[in-house]
Amino acid sequence: MMPAQRLQGCRSLHINEDNGRFLLLAVLIIVYLLCGAAVFSAIERPSELRAHRRWNRTLLNFSDTFNISLQDLGSLLKEYEAAIAAGVRVDALRPRWDFTGAFYFVGTVVSTIGFGMTTPVTVAGKVFLIFYGLLGCAATILFFNLFLERIITLLAVVMKAVRLRRLRTSGLLPPGICQDFAASTLPGWKPSVYHVMLILGLSAIVISCCASAMYTPVEGWAYLDSLYFCFVTFSTIGFGDLVSSQNAAYGYQGLYRLANFIFILTGVCCIYSLFNVISIVIKQVLNWMLEKMSCSCCQHCNKANTFLGRRNAIRPGSRLRRGRFGRTPDSDGPRDSDTEGRRLSGEMISMRDLTGSNKISLAIMQKQLSESANGYPRTVCGSSRQNGFSGGVGALGIMNNRLAETSDSR
């Protein structure tokens, strides 16, 4: 392949860095899902088959013992499944739709946990849930983002104080310096994403262990099942196979339900923050993978660029003409700009090239004026492009400004 054709192929395959990161993440998630499906199928499928065989034997024995046909027995079981969906069960459970039960239900709705043990069955209830969940889920996500912003700010203050104490202990900072001056000795300091991830991970483990220690004796679950419930609930997966505070009566019922609410609230906030910090680490891995993947293509493109020589600044596809003495501008040594090369080579800029460059300048100027008028001019420096964390929306935008590995001043 000729160098010009190779360069053209590199340009046609080149995509935006953000789009490349998005596509790579999508491919990795698909591979992750396939691997997870294979593992869970290998683990859970034998148990499912054994449960089916055991259930079929139970139905046959019950039908022979009480002389009931399998069709009638199946109809009875369908009615019982409908009763379970309405909140009727054999064991004694709390009412699903009294005020406290409804409050538990709306809490699972707005937090996106959605256990599924309580669902509206009326048309009015389903319609109301659509509009209620739309506003409630949006407000709760905003609450989680504000919690994330404040917890990272708090961790930054604490970790900065610890760092100053270490500097003072090691003798790098004189003990007589006031706190304000000591704080000014670390301008632009921000906590590491790995330290924040470690602290949030330990906090989530402590909350889960404490909550499991409460659920095990009160709900009668095994401790491992309690830990499983904590993760499923705090991560808002909410399968619904285990649900807390559903019995009709408990010892110290009011205190237990209050503690259950506090544990779920703090656990969801902590796990939400932890997931967002982990996403930053995943993004760093994606940036590293993209950099490695682009090395080979960049090497080929650089070789092609070296062969083809300098390019026109406004119209990259056109090459410079030879000068008055039959030599290209590059043969005389490096120029300060492509405009200098044009001037020495005798090449004239066409009106269409000039108009195109003016349109680009006007577009940039309009963008800057619009951002200044709105009061939030956004500057993107070179380092933010190099680490791949410029911009960001929601939780990513919060952490991009507050963590060391993602900030522009890194």
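Each Cβ is built from the backbone N, Cα and C atoms, and glycine gets one as well.
Unlike curated records, TrEMBL annotations are generated automatically.
Note that the structure is a prediction, hence the values are computed from the model and not measured.
Annotated transmembrane segment per TrEMBL: 22-43 (among others), in sequence order.
Here the domain 'Potassium channel' (94-151) returns a mean pLDDT of 91 for the predicted model. Here TrEMBL flags 94-151 (among others) as domain 'Potassium channel'.
Remote same-chain partners of the transmembrane segment (102-123), defined as residues 6 or more beyond its termini with a Cβ less than 8 Å from a stretch Cβ, comprise 85-87, 96, 129, 132-133, 136-137, 139-140, 233, 236-240, 243, 245-246, 261, 264, 268. The transmembrane segment feature in TrEMBL is assigned to 102-123 (among others).
According to TrEMBL, the feature transmembrane segment maps to 129-158 (among others).
As annotated by TrEMBL, transmembrane segment applies to 193-215 (among others).
The residues of the domain 'Potassium channel' (203-283), classed with DSSP into helix (H, G, I), strand (E, B) and coil, number 60 helix, 1 strand, 20 coil. As annotated by TrEMBL, domain 'Potassium channel' applies to 203-283 (among others).
If you look up TrEMBL, you'll see 221-243 (among others) marked as transmembrane segment.
Summarising the annotation, TrEMBL assigns transmembrane segment to 255-275 (among others). Long-range contacts of the transmembrane segment (255-275) within the same chain: residues 100, 107, 111, 113, 144, 147-148, 151-152, 197, 200-201, 203-204, 207-208, 210-211, 214, 218, 230-231, 233-236, 244-245, each at least 6 residues beyond the stretch ends and with a Cβ under 8 Å from a Cβ of the stretch.
What TrEMBL records for 319-348 is region 'Disordered'.
The annotation compositional bias 'Basic and acidic residues' is assigned in TrEMBL to 327-345.
Residues 108, 111-117, 204, 207-209, 211-213, 215, 263-264, 267-268, 270-272, 275 of the same chain, all 6+ positions outside the transmembrane segment (221-243), place their C-beta atoms under 8 angstroms from a C-beta of that stretch. With helix defined as DSSP H, G or I and strand as E or B, the domain 'Potassium channel' (94-151) counts 41 helix, 0 strand, 17 coil.
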